[in-house]
Amino acid sequence: MHSDSIATNSSNIIPMASSNAKDFAKKKRVNRSAKLKQCKLDARREQWLSKVNKCSSEKEDSNGVRVLGPLSKAGNVQGRAMEKLEIRPRGEEENHGLHIHHYSDSESPSNSPMSHNGSILGGNDSGTTFTGSSRSSVSSSRSSSSSRSGGSCSGSMSEEDEEGDDECLDDWETVADALAATEEKHKPDDHSLDTDTASESKDVAHGDSHPDDATGAAPDDDLKAKPENGISLDRSTVKCRAWRPDDVFRPQSLPNLSKQYSFPMNPERYFGCGGSVWGCKNVRPAPTSCPICYEDLDYTDSSFIPCSCGFKLCLFCHKRILEEDGRCPGCRQQYKNESGKVETLLDGNSLAFRLARSCSMVTRS
Amino acid sequence: MATMNSESSNNSNTAQTRVPVSSKQPLQTAKSVDTQSVLKRLQSELMALMMSGEEGISAFPEEDNIFCWKGTITGSKDTVFEGTEYKLSLTFPADYPFKPPKVKFETGCFHPNVDVYGNICLDILQDKWSSAYDTRTILLSIQSLLGEPNISSPLNNQAAALWANQEEYRKMVEKLYKPAS
């Protein structure tokens, strides 16, 4: 879908993109180390942020296109790497910039956050409106090149996502802003396409890149909450099957889309890989309270069936019984695999999720 | 009430005087963390038992102690115990339901598995206890035990020996039966 439309105006983009491949690799490496640092030294986030801001303003300056940022030239390594990176899209943008910008904004859901990003970044950097549009052209040109070489829609989608994220890591906080502010609806579409069409290895790599991004994200001073939301949204859609509706760690900014994904999946019914344990649950009438202590069963308790006879009880009573004779109250048989039962059940659950996901990918592609 | 019962059942006076002492004692010491959960369990059982309206069995706590219940069972139809009613005492331990309650006949019961003190030999009240049992199932089990005794391990050898002759057994039951007033 991208390749067709972009091919009309991107004839000179592709060589540029490929000629800068080494720079990208270098840039990536720099980014990776920066990301690692980020993970370890989360306390220095603010410092890093200001550094990035300096860099962005500096590269504008050195290109001579537009100097709007009040910050001086920092001239460090990172800035130079970014400068090299930015030359290509900027030069390209002078030719096609307006057209591509407009195009990507309207066409691709994954590109539009970038262009939105531009406006927000401009606001943060006291008016560097230019970087935003250049970023969008970066991603659009990248997508066009990859789709050209790959020749498949899935390749273009995943690669674009991956690299676009990687590339904009330095401005990730703005990406997060944009995601949180405007793209909550676009994102799921993007990822559903992604997971449907992308191959497994790409998806793994994709999933790997996101937590890095998330930890590397430096929220703005004034928009601290929003970037976090955007990040968690992003992560959750990548690993969307992992969230259950009542998951404790499930971000509260995920009202609908996670449910949309998890409910149709219904791993208990269609992917009862947990074995008879999950099958039993649907057959037996589920008691609402523990038959031992008469306390109400919560979600964990009601999905907890420690014995093959199907007798349910709450985790507290189960633990208590294990401390004594360790026999199931329902059938008087000794509990098998006593201690690790809860963990294996939960693992089985997530396994079911994972399998469900890979199954869908296999069938689609 | 309790004193009247003990007077009426003349064959187990010593046991009757011991029961209240031994039942009050664990209550005083049962200040563990899960006393609340035991209370909840017993209250829920009481509610369920009263709502179920089960034929032939009933139970209710003593006035000030929910750990001590008084229960009644009636002899099932077509058994030698038909038409008789028996009072029982149920004493719940502090770690109920993980440990079984102590159940005794307060009314004298001529039965192979009940001794002269009212003690009951029933596996589910000992090693076959399950925390899934409750007062209702205990009383129902005892009720069915009346009609289907386990002759092989008797507490009352005379009753076990007589069980084969049901007519004689019925006469013996009627003779020894002293209903609680």
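Each Cβ is built from the backbone N, Cα and C atoms, and glycine gets one as well.
Caution: TrEMBL annotation is automatic and unverified by curators.
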Stretch carrying region 'Disordered' according to TrEMBL (options A:1-33, A:331-363)
A:1-33
In the domain 'RING-type' (A:290-332), how many residues does DSSP assign to helix, to strand and to coil?
13 helix, 2 strand, 28 coil
Please work out the mean pLDDT for the residues of the domain 'RING-type' (A:290-332).
88
